[in-house]
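Asks: I'd like to ask some things about the structure below.
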Amino acid sequence: MIKVIIAGFKGRMGTAAVNMVFEDDTLALVAVLDPFAQETSFKGVPIFTDKADLVGISADVWIDFTQPSVAYEHTKFAIENGFRPVVGTTGFSETQIAELLALSENKQLGGLIAPNFAIGAVLLMEFAQKAAKFFPDVEIIELHHDKKKDAPSGTAIKTAELISKVRPAKRQGVSDETEMISGARGADFEGMRLHSVRLPGLVAHQEVIFGANGEGLTLRHDSYDRISFMSGVNLGVKKVMTLDKLVYGLEHLL
Ligand SMILES: NC(=O)C1=CN([C@@H]2O[C@H](COP(=O)(O)OP(=O)(O)OC[C@H]3O[C@@H](n4cnc5c(N)ncnc54)[C@H](O)[C@@H]3O)[C@@H](O)[C@H]2O)C=CC1
Ligand SMILES: O=C(O)C1=N[C@H](C(=O)O)C[C@H](O)C1
């Protein structure tokens with residue numbers, strides 16, 4: 001039995017993760033964390049409002065779907081206390097990921113930070129990296145629900161990082177381009193442009209648009225429901241038990 005803590009259990013993703021854990025007989029939910037919780041227990045599971053009170057609890061895995069401002073501190077805390085992190089929360093810098101990887105290696109503890117747990121999104125990123133070898137002109141458009149706190153999305157950043165491994169830095173558009181309204185051309189990642197759309201009704205969607213002489217290629221992934229992320233989270237929880245360091249991206253476990 002794998003004993004699991006869920007941080008952010010009352011949120012949109014936390015709620016889906018709780019259901020996923022309850023539906024799997026090989027997983028046991030032993031604690032949940034949310035600083036804003038008023039109750040002391042949830043479906044028979046103790047609720048914690050301060051992560052410090054989780055020190056010493058017998059648990060194997062720390063699932064985190066909280067918010068970007070605490071993602072790094074939570075992951076560090078989990079590793080330091082022997083809980084294998086399975087983190088979907090976005091907002092890590094490259095430096096933070098490198099630090100957490102080193103810490104996990106030092107502790108010889110498995111873990112996963114995955115900007116997107118949907119298999120289709122992982123495939124989209126892989127296909128985008130492959131296409132970028134042939135189509136260096138590319139723009140990324142991510143579209144999300146209007147409660148999302150961070151922009152661009154973790155998935156868009158990871159996609160740009162993967163593309164930049166095969167695409168030399170290149171500024172797109174004309175050199176004397178002028179933004180008539182600031183931000184019109186989106187965020188700049190090594191000359192690639194990332195655009196963020198926020199609308200009610202959306203869940204999580206991304207297009208990667210490539211252009212070349214006389215042709216175009218558009219890759220698109222849609223998460224219509226948060227259930228789309230749960231098979232990836234379930235896989236992550238089981239695989240981190242066999243790892244001795246943190247990995248960044250679900251693709252490393254597929
Ligand atoms: N990797 C992936 O596949 C996915 C990642 N996400 C990411 O997961 C994160 C959460 O997304 P949602 O569930 O939509 O947000 P949400 O706002 O619905 O839920 C976040 C929850 O975390 C709680 N929280 C805030 N600070 C906390 C703390 N210090 N300790 C414990 N709980 C805390 C909040 O009270 C809230 O209930 C975001 O960063 C989002 O980008 C979302 C969907 C998929
Ligand atoms: O906030 C969300 O909803 C999502 N966040 C992740 C991201 O920032 O990429 C994953 C997915 O896009 C949903």
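A Cβ is built for glycine as well, from the same backbone N, Cα and C atoms used for every other residue.
Pulled from TrEMBL, these are the listed features:
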type: ACT_SITE; residues: His144; note: active site, proton donor/acceptor
type: ACT_SITE; residues: Lys148; note: active site, proton donor
type: BINDING; residues: Gly8, Phe9, Lys10, Gly11, Arg12, Met13, Asp34, Gly88, Thr89, Thr90, Ala114, Pro115, Asn116, Phe117; note: NAD(+) binding site
type: BINDING; residues: His145, Gly154, Thr155; note: (S)-2,3,4,5-tetrahydrodipicolinate binding site
type: DOMAIN; residues: 2-117; note: domain 'Dihydrodipicolinate reductase N-terminal'
type: DOMAIN; residues: 120-254; note: domain 'Dihydrodipicolinate reductase C-terminal'
Asks: Could you check which of the binding-site residues Arg12, Ala114, Asn116 have their CB within less than 6 A of ligand 2?
Replies: Asn116
Asks: Report the nearest neighbour of Thr155 ((S)-2,3,4,5-tetrahydrodipicolinate binding site) in space among the recorded positions Gly8, Lys10, Asn116, His144, comparing Cα positions.
Replies: Asn116
Asks: May I ask which of the recorded positions His144, His145, Lys148, Gly154 is closest to Asp34 (NAD(+) binding site) if we compare their C-alpha atoms?
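Replies: So, of the listed recorded positions, the one sitting closest to Asp34 (NAD(+) binding site) is Lys148.
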Asks: Near the Cβ of Lys148 (active site, proton donor), how many other Cβ atoms are there if near means within 10 Å?
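Replies: So the Cβ neighbour count for Lys148 (active site, proton donor) comes to 16.
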Asks: When the Cα-Cα distance from Ala114 (NAD(+) binding site) is computed for each of the recorded positions His144, His145, Lys148, Gly154, which gives the smallest value?
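Replies: For Ala114 (NAD(+) binding site), the spatially nearest of the recorded positions is Gly154.
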Asks: When a 10 Å sphere is centred on the Cβ of Lys10 (NAD(+) binding site), how many other Cβ atoms does it contain?
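Replies: Result for Lys10 (NAD(+) binding site): 16 other Cβ atoms within 10 Å.
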Asks: Determine, using Cα-Cα distances only, which of these recorded positions is closest to Thr89 (NAD(+) binding site): His144, His145, Lys148, Gly154.
Replies: Gly154
Asks: Mind running the recorded positions Lys10, His144, His145, Thr155 against ligand 1 and keeping the ones whose CB falls under 6 Å of it?
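Replies: Result: Lys10.
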Asks: Let me know the most crowded of the recorded positions, choosing from Arg12, His144, His145 and counting other Cβ atoms within 10 Å.
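Replies: Output for this query is His144.
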Asks: When you average the Cβ positions of His145, Gly154, Thr155 for the (S)-2,3,4,5-tetrahydrodipicolinate site, which other residues in that chain have a Cβ within 8 Å of that mean position?
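Replies: So the additional residues around the site are Thr90, Pro115, Asn116, Glu142, His144, Lys148, Asp150, Ser153, Ala156, Ala204, Gln206.
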Asks: When you rank His144, His145, Lys148, Gly154 by Cα distance to Asn116 (NAD(+) binding site), which of the recorded positions ends up on top as the closest?
Replies: Gly154
Asks: Residue counts in helix (H, G, I), strand (E, B) and coil for the domain 'Dihydrodipicolinate reductase C-terminal' (120-254), per DSSP?
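Replies: Across the domain 'Dihydrodipicolinate reductase C-terminal' (120-254), DSSP assigns the residues as follows: 43 helix, 38 strand, 54 coil.
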Asks: I need the CA-to-CA distance for Gly154 ((S)-2,3,4,5-tetrahydrodipicolinate binding site) versus Arg12 (NAD(+) binding site), whole Å please.
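Replies: Cα to Cα, Gly154 ((S)-2,3,4,5-tetrahydrodipicolinate binding site) and Arg12 (NAD(+) binding site) are separated by 17 Å.
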